[in-house]
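Novice: Quick paste of what TrEMBL says about this protein:
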COMPBIAS  15-30  compositional bias 'Polar residues'
REGION    1-32  region 'Disordered'
TRANSMEM  110-131  transmembrane segment
TRANSMEM  143-167  transmembrane segment
TRANSMEM  187-207  transmembrane segment
TRANSMEM  227-248  transmembrane segment
TRANSMEM  283-303  transmembrane segment
TRANSMEM  315-337  transmembrane segment
TRANSMEM  344-362  transmembrane segment
TRANSMEM  368-390  transmembrane segment
TRANSMEM  410-432  transmembrane segment
TRANSMEM  452-475  transmembrane segment
Amino acid sequence: MAVYREAIPGPALETPSTSLEAHTSAQGSDSGAGHLSFYRKLCYGIGGVPNQVASSAIAFYLQLFLLDVAQIPAAQVSLVLFGGKVSGAAADPLAGFLINRSRRTGSGRLMPWVLGCMPFIALAYFFLWFLPPFTILRGLWYTTLYCLFQALATFFQVPYTALTMLLTPNPKERDSATAYRMTLEMAGTLMGATVHGLIVSGAHGSHRCKEDTLPGEGAVSPNATRLYFIAATVVALTYPVCSTLLYLGVKERSDPSTPASGQGVGFLAGLGLTVRHRPYLKLVISFLFISAAVQVEQSYLVLFCTHASQLQDHVQGMVLTILVSAVLSTPMWEWVLQRFGKRMSALGICAMVPFAILLAAVPMVPVAYVVAFVSGLSIAVSLLLPWSMLPDVVDDFQLQHQHGPGLETIFYSSYVFFTKLSGAGALGISTLSLDFAGYESGACRQSEQVVVTLKVLIGAVPTSMILIGLCILMVGPTPKVPSRANSRSLGRDVESSVTLLKGAAWAPPFMSYLLTSGHLREACAADYPDLGNL
């Protein structure tokens, strides 16, 4: 998040006193105070599907498309990936800044942002996979479109996740709506990689280099261009379809609540305090390495299978294995985390280390699927663990410094910002290494130097980054656990900060999940008995 206003977000989203009319008579009536019908929860969950579908397809296939179909030099591809990630990081706080100051319309304050971004993000995604007739400025074309897509995706996601708080005043109903959203977003992640991969699989199969109809190795395959065009159209259409269902099925209610009063801390001043807190600094640095390793492993798997092994025909199966393994293992990791502790759970990230090296050394089909399954397990715990450890770091900071409410937002938002930047740097530098190795865009077969580089990127690089991150995480004492004597005062700070976070439209999407699903209340219940009514 590169752009912040100086202080913690002030007023919550302002709402008129009158209730909004339903968008359509087909919504159905909700009985009871704050009750949400199944139809309304389902429509709300569907609204989050398009971003997950698009992000999943991009994560696995964009780099391969840019190198082998668009035939952009690897150095320019590194700029495309780096620029897009930075654009998404910068757009996060800017979106909240603008949304929090927008006026309410007949459809509410958040819904117009979702609907307004929808056609532009669909077009940006479609043209991201479009092959322009010119060749000289293709790098600039894709850099512009990827930056635009990442920024628009943020402007779409921030109001959508914040909409949870305005569905109903009933916490249990918000919990249920959030469960629908998380379930459908997971389904969207699986659907994106599966549908896109199935459509474009014909463009990267083992038969690709045996075709005699192509003018040369560097020529663009018309079949590949057509398949990516179809895949882009299918995914882009999910935006208008799902957004229409969201608009027809969800009513944005008025929210009379306002954030707790109290003197806030400016962002720069608060950031200076947080980065000097050793437990937070250790957590951030360790997961900068770990999250970057996961993104490198994810991004280069398809390239490795295509150019450094004979696994071209198994790419789709491996991608699906990773995603299914990650989704299904998340409840297991939650149990392990509670049963054995967070440090012991962190060792689960190491599971992918020997298997990643094994895949680079022995790229055989059985080994590849085992590696994909274990990688999914490690990815799941690497995504879950930092959000479980951050509350402990915040508690430790509050016990040592006794600052007022509001700094929690800086802890979470700065963590999101730093991890996005680390991913941008890792992908940019690693793609640049392909250029140094002599990667030939569009070529059927790459040189031995490129093959070795891909093996290093899929094995040695993520392995070393994971081990460095875990060493940093394991060194030193754990954050202090708050005592009962401090529970009451610290609980009041957490309660005030929860209210501030509810009013902050730019809070990270995962924070929206925490605040609206009851996980934060459950996590704090043991030490903070005063939070029972949040």
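For all residues, glycine too, the Cβ spot is worked out from N, Cα and C.
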Novice: I'm a bit unsure how to read this: which one of 110-131, 315-337, 368-390, 452-475 has the highest number of Cβ pairs shorter than 8 Å with the transmembrane segment (227-248)?
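Specialist: If we count Cβ pairs closer than 8 Å to the transmembrane segment (227-248), 110-131 scores highest.
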Novice: Looking at the stretches 110-131, 187-207, 368-390, 410-432, 452-475, which one shares the most CB pairs under 8 Å with the transmembrane segment (315-337)?
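Specialist: Comparing 110-131, 187-207, 368-390, 410-432, 452-475 against the transmembrane segment (315-337), the winner is 368-390.
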Novice: Residues sitting near the transmembrane segment (344-362): Cβ under 8 Å, six or more positions beyond its termini, same chain?
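Specialist: Apart from its flanks, the transmembrane segment (344-362) reaches 290, 297, 304, 333, 336-337, 368, 370-371, 374-375, 377-379, 381-382, 385, 455-456, 458-460, 462-463, 466-467, 469-470, 473-474.
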Novice: For the transmembrane segment (283-303), give me same-chain residues lying six or more residues beyond its boundaries with a C-beta closer than 8 angstroms to one of its C-beta atoms, as numbers and ranges.
Specialist: 59-61, 63-64, 67, 81, 204, 275, 315, 318-319, 322, 349, 352, 356, 375, 378-379, 382-383, 385-386, 389-390, 393, 414-415, 418-419, 422-423, 425-427, 430, 454, 457-458, 461-463, 465-466, 468-470, 472-473
Novice: Under 8 Å between C-beta atoms and at least six residues away from its ends: which parts of the chain pack against the transmembrane segment (110-131)?
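Specialist: Distant contacts of the transmembrane segment (110-131): 13, 47, 50, 54, 58, 62, 65, 69-70, 99, 102, 142, 145-146, 148-149, 152-153, 155-156, 158-160, 162-163, 166, 220, 225, 228-229, 231-233, 235-237, 239-240, 243, 246-247, 250, 252, 505.
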